[in-house]
Every structure is written in C-alpha cells, then in structure tokens.
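**Student:** For reference, TrEMBL lists these features for the protein:
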COMPBIAS  81-96  compositional bias 'Low complexity'
COMPBIAS  118-129  compositional bias 'Basic and acidic residues'
REGION    46-129  region 'Disordered'
TRANSMEM  15-36  transmembrane segment
TRANSMEM  226-247  transmembrane segment
TRANSMEM  253-275  transmembrane segment
TRANSMEM  287-305  transmembrane segment
TRANSMEM  334-353  transmembrane segment
Amino acid sequence: MFFAAIALLLPSGTYNFLILLATGTVVLPLASFPFLRVLPPQSYHHVPQQDRQAMHRTRSSGSHEYSPSEEPGAPPHIHKTPSSTSTESQEPEFTPDSGDEHSSLISKSSIDDAEDLENSKHLPSDRNRESPHLDIRGFALLPLPEFWQLFSMLGLLTGIGLMTINNIGNDAQALWKHFDPSTTQEFIEKRQAMHVSILSFCSFTGRLTSGIGSDFLVSKLHRSRFWCLLASAIIFCLAQLAGTAIATPNLLVLLSALTGFAYGMLFGVYPSLVAHCFGVHGLSQNWGTMTLAPVISGNIFNLLYGRIYDSHSIKNGEGDMECLQGRVCYSSAYWVTFCAAILGVGCCLWSIWHEYQVHKVRESKERVDDHERTA
C-alpha cells in the first residue's frame with residue numbers, strides 16, 4: 001500500500017513501479033537500521049487458560065512462598081475450595097505496598113481468585129489444555145489429522161484470496177474497457193494501483209481485527225478462535241458474489257475491500273491456531289510448513305482464472321490479448337471460488353463442532369478424575 005501510494009506521484013507505467021519497488025524495498029530497511037534496538041530474550045512460561053482466568057493479579061514474593069515443585073508462571077496453590085469458610089483465613093494478607101513489577105493493575109480478593117480458578121476448569125472454549133512442553137514439528141506433523149485439516153483450510157481460503165489479489169488489475173481493465181472503450185491506459189493503471197492500495201489497507205485492518213478479536217473471543221467470550229476463521233470464510237463468500245455481480249468499474253472497490261479484509265483476518269488468526277495445536281516452540285518451522293499451502297492453491301486458482309480470462313480474449317491491433325466483455329471475462333472463475341468459499345465455511349463449522357466435542361470429552365474426564373481424587 002505504501003509503495004502503491006507513492007507510485008501515484010510518479011510517472012505512470014509498470015516499469016517505473018517495478019523500479020520503485022526494487023529500490024524502495026532496499027533503501028527502507030537500510031534507513032531503518034540505525035533506529036533498531038535489540039532487546040534481550042526472555043524465557044517463555046506456559047500458563048494454562050484455566051489458570052490464567054484466575055491470575056488477574058500475581059502476588060508478590062513477600063505474600064506467597066513458592067515451592068520447588070511449583071511450575072514457573074503457575075498460580076498460587078489453593079488449599080480449599082471456594083465454598084470453604086476457612087479459605088479467607090488461610091490466604092496470606094496482601095498489602096498494596098508489597099507489589100513488585102509482576103503485580104497486575106487489577107486486584108481481586110483471594111476468594112474471587114479461587115472462584116475464578118474453580119469456574120475456569122469448566123470453560124468449553126479453552127484451547128490451552130495442551131502440555132506446556134507440547135512441541136510437534138517436522139515430519140511428526142504428517143500423521144496428524146489436525147495438520148492436514150489446518151493445511152487444507154489455509155490452502156483453500158488463501159487460494160481464493162490470491163486469485164483476486166493477483167488479478168484485480170485484469171478485473172479493472174476488463175470492466176473499464178467494456179464500460180468506456182475510450183478510457184486511456186494511463187487512467188486504468190492508476191485505478192489498478194488504487195485497488196492494490198485498497199487490498200493492502202483492508203488486509204492490514206483484517207489482521208488487526210482478527211488478532212485482537214480472537215484474543216477477545218477466547219479470554220472474554222470463552223469461544224474458539226475458529227469463529228474468526230469462519231468470519232473470514234463468510235466474507236470471502238461475499239467477495240466472490242461481488243466478483244460475479246459487479247459490472248460497473250467504480251464498484252470494484254467492494255471486491256478489493258472484502259477480499260483484503262478477509263485475507264487479513266485469515267492470516268491474523270491462523271498462526272495462533274497453529275501454535276495451539278502444535279506448540280509455540282516450533283511455531284516458526286510449523287508456520288513455514290503451513291505457508292506451503294498457499295503456494296499450491298494460489299497457482300491452481302490463478303491458472304483457472306487465466307484459462308477462463310484467455311478464453312474470452314481476442315488479439316487487438318498490436319497483437320496483444322485483451323478481453324472487452326466486462327465481467328463475463330472472469331465471472332466463471334469467481335463462481336468456482338464461491339463454491340470453494342462455501343466449502344471453507346463448512347470446514348470452519350465442522351472445526352468448531354469438533355473442538356466443542358473434544359472439550360466435552362475432556363471436561364467429562366476431568367470431572368471423573370476430580371471425583372476420584374475427592375472420594
């Protein structure tokens with residue numbers, strides 16, 4: 001989006017835009033190096049979701065004595081259930097002046113902490129019940145159905161988005177040539193650059209929305225992150241319908257905006273899903289493996305679009321292929337991707353249902369284990 005906006009100030013032409021990209025992407029990082037500040041690495045401690053719900057504040061070292069067996073980042077050990085009347089007397093007294101740098105700004109009573117911990121044991125949306133040492137990577141992913149599920153869904157949805165992202169210029173040219181044959185090539189190139197900017201800005205907005213929104217879903221609404229993925233798939237469906245219906249080039253911004261937003265939402269939440277399923281320790285390797293899916297699906301959908309577009313194109317006076325039929329040039333490709341988006345919606349719904357069933361089984365097992373321990 002940044003370079004597309006700058007290109008509007010420069011002489012039009014694909015060559016000039018490519019020169020801008022080649023020089024700008026080199027100069028910008030080099031100019032930023034003097035302002036970089038490398039922070040020392042910090043160790044990561046996994047805190048299960050059911051414990052995190054209760055850890056609205058962390059007691060200072062003076063108010064809680066840690067045992068050697070206690071795991072780093074774990075909440076204080078609670079000796080009694082919330083219903084016990086002696087809990088309050090057994091908890092150490094907390095003084096406001098004793099908080100250290102780890103103390104939270106939110107303070108609750110010890111009884112409230114105990115109640116939160118007890119209630120969080122039964123959250124149906126908790127996706128952090130895996131071992132804190134969960135680390136699945138490399139060839140160990142291949143036998144897992146969860147890997148192929150996430151790999152296929154990512155490939156399906158990114159392929160839909162990449163078809164529009166890579167061919168929005170062809171869409172704009174086909175519509176403008178059909179809408180107004182006297183439109184100059186310079187004007188069309190500016191409109192194409194505008195659509196690139198819209199795609200980039202909406203992608204940024206979608207990533208921001210799904211990143212914050214998925215955390216809100218889990219921590220506040222106790223829902224699965226797959227709901228963000230479902231929202232992305234639904235928006236992709238709307239974008240494909242827009243691609244088949246828009247005949248006026250001025251309305252093509254709807255296709256660009258919807259596609260960019262859905263694509264951003266997809267990439268904003270997907271790394272979190274991968275980390276939850278296979279652990280954070282191998283996230284970079286696992287996410288790199290996942291991103292092979294768009295390479296496959298993106299090429300498939302691009303070839304489909306090119307085949308359909310070329311079938312409606314004719315040679316102009318200069319010997320170049322061009323399509324003058326408006327949305328007819330590419331609408332069949334968007335009907336195919338619409339069906340793919342519907343399939344993506346179905347996969348997301350199944351994932352939500354499957355995750356709910358898995359948590360039901362886990363909760364039943366935990367209740368049985370708790371009953372056996374108290375018996």
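Indices start at 1 and increase along the chain as displayed.
Cβ atoms here come from the backbone N, Cα and C positions, even for glycine.
Walk me through where these features lie, including what they touch and how far apart they are.
**Tutor:** Using a Cβ-Cβ cut-off under 8 Å and counting only residues 6 or more beyond its ends in the same chain, the transmembrane segment (15-36) has close neighbours at 3, 6-7, 193.
Long-range contacts of the transmembrane segment (287-305) within the same chain: residues 141, 150-152, 154-156, 158-160, 162-163, 166-167, 170, 270-271, 274, 330, 333, 336-337, 340, each at least 6 residues beyond the stretch ends and with a Cβ under 8 Å from a Cβ of the stretch.
Cβ atoms under 8 Å from those of the transmembrane segment (334-353) belong to residues 149, 152-153, 156-157, 159-160, 163, 224, 226-227, 229-230, 233-234, 236-237, 239-241, 243-244, 301, 304 of the same chain, restricted to positions at least 6 beyond its ends.
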